[in-house]
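Peer 1: Supplied in structure tokens, the structure appears directly below.
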Amino acid sequence: MHHDKRCKESNMKIVKAEVFVTCPGRNFVTLKITTEDGITGLGDATLNGRELSVASYLQDHLCPQLIGRDAHRIEDIWQFFYKGAYWRRGPVTMSAISAVDMALWDIKAKAANMPLYQLLGGASREGVMVYCHTTGHSIDEALDDYARHQELGFKAIRVQCGIPGMKTTYGMSKGKGLAYEPATKGQWPEEQLWSTEKYLDFMPKLFDAVRNKFGFNEHLLHDMHHRLTPIEAARFGKSIEDYRMFWMEDPTPAENQECFRLIRQHTVTPIAVGEVFNSIWDCKQLIEEQLIDYIRTTLTHAGGITGMRRIADFASLYQVRTGSHGPSDLSPVCMAAALHFDLWVPNFGVQEYMGYSEQMLEVFPHNWTFDNGYMHSGDKPGLGIEFDEKLAAKYPYEPAYLPVARLEDGTLWNW
């Protein structure tokens, strides 16, 4: 009886679970869970270009099954939604579960009166190294952008560049300031042209120009966005070894995991993969066969804190480090949670950081700080992020889609 009484006293009953879709420049899906004590938790469920599917999954299926549950029982709730649906994994399901998990960790940390990273086991480092994005229509423009970010103090810098003879430049911002937004508003995605031959010929010239001008002081990163075949990626990785890249990201579509063996046979350029992954099962082979160096899974798409902890712990056995996806199509709620996770996780590598527009940060008041290339979550209890519902309501959902790519002959390709 005494044990039952103790359990009941520690029970933190969920009384409300609400879903908000707001577009302060771009669409975000936010879950807010409230307990009977009035403690609230926030979770991010944003899935770029498929936001309403996740919002419906939460609103129609998960939220009703949260009411009356004990918010402390995070693991049980995670398993209930993962196993209980019967249909497992996939981006919509896992983004919804991720938001629930994030919100429950926010609540638990607030109830404990601790910032989340303390609850996870405390800080493993003083700050979180983040990498920024730089690009330009030409090499000169890209070098100018690099210099600007170097002056801001970034220690890790991603470089992209327009390729002569191609109309569109991957990585060019449509948003204001640091808020990069590749999605185009409207009912139809933008179609972009891609030429692997032009890319392979030109891109090493960019890295050469960067290293010649700025030296090797910063970590240099590059995203290939799934566009090369395995043998092309092997050739490319080998050709850029002298530039000592921190990583080449998504060199080829990762569904065919065996093909990374071919890339590994030919190059020691480090490889980062996983932003489109949704569970540890997507990562398992690449990690245990040492086919990658950084795992790019993110809290919003891979099962929240609970899912990401499993992935990171497994990766640590093989000295694979985290390099979480973090563009501005994940909301500030995810960024806040990621910084707590990054402060704690022993096998941390780097965190992607793109910044947000003022509009976005007004809707999501935050507590993190950036100082000379490193970020910190702050020490407020929970995630240290808030959500202004009234302001969010002024920015209703607007259809927007990521681009698609076609080869010069019209064949649909990987964007």
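Keep in mind that glycine also has a Cβ here, set from the backbone N, Cα and C atoms.
Below are the features I grabbed from Swiss-Prot:
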- Tyr170: active site, proton donor/acceptor (ACT_SITE)
- His225: active site, proton donor/acceptor (ACT_SITE)
- Asn48, His133, Glu275, Arg296, His325, Asp329, Glu352: substrate binding site (BINDING)
- Asp223, Glu249, Glu275: Mg(2+) binding site (BINDING)
- Pro327: site 'Important for activity and substrate specificity' (SITE)
Peer 1: Return the single residue from the recorded positions list (His133, His225, Arg296, His325) that has the minimum number of other CB atoms within 10 Å.
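Peer 2: Each of the recorded positions His133, His225, Arg296, His325 was scored; lowest Cβ tally within 10 Å is His225.
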Peer 1: Return only the integer: C-alpha distance in Å from Pro327 (site 'Important for activity and substrate specificity') to Glu352 (substrate binding site).
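Peer 2: Just about 7 Å between their Cα atoms.
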Peer 1: Quick one: Cα separation, Asp223 (Mg(2+) binding site) versus His325 (substrate binding site), in Å?
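Peer 2: A Cα-Cα distance of 11 Å.
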Peer 1: So which one is it: of the binding-site residues Asp223, Glu249, Glu275, Asp329, Glu352, which has the fewest other Cβ atoms within 10 Å?
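Peer 2: Counting other Cβ atoms within 10 Å of each of the binding-site residues Asp223, Glu249, Glu275, Asp329, Glu352, the minimum falls on Asp223.
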Peer 1: Does Asn48 (substrate binding site) have same-chain partners at least 6 apart in sequence with Cβ under 8 Å from its own Cβ, and which are they?
Peer 2: Asn27, Ala183, Asp329, Leu402
Peer 1: Taking Cα atoms as reference points, which of the binding-site residues His133, Glu249, His325, Glu352 is nearest to His225 (active site, proton donor/acceptor)?
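Peer 2: Answer for the nearest of the binding-site residues: Glu249.
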Peer 1: Using DSSP reduced to three states, classify Asp329 (substrate binding site) as helix, strand or coil.
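Peer 2: Reduced to three states, the DSSP call for Asp329 (substrate binding site) is coil.
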Peer 1: Whole-number answer please: how many Å between the C-alpha atoms of Glu275 (substrate binding site) and Glu249 (Mg(2+) binding site)?
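Peer 2: If we compare the Cα positions of Glu275 (substrate binding site) and Glu249 (Mg(2+) binding site), the gap is 10 Å.
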Peer 1: If you measure from the C-alpha of Glu249 (Mg(2+) binding site), which of the binding-site residues His133, Arg296, Glu352 fall inside 10 Å?
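Peer 2: Near Glu249 (Mg(2+) binding site), where near means Cα within 10 Å, the binding-site residues are Arg296.
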Peer 1: Going by DSSP, give the three-state secondary structure for Glu275 (substrate binding site).
Peer 2: coil
Peer 1: Name them in sequence order: residues not among Asn48, His133, Glu275, Arg296, His325, Asp329, Glu352 whose Cβ is within 8 Å of the mean position of the Cβ atoms defining the substrate site.
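Peer 2: My list of surrounding residues reads Thr298, Gly326, Pro327, Leu330, Met354.
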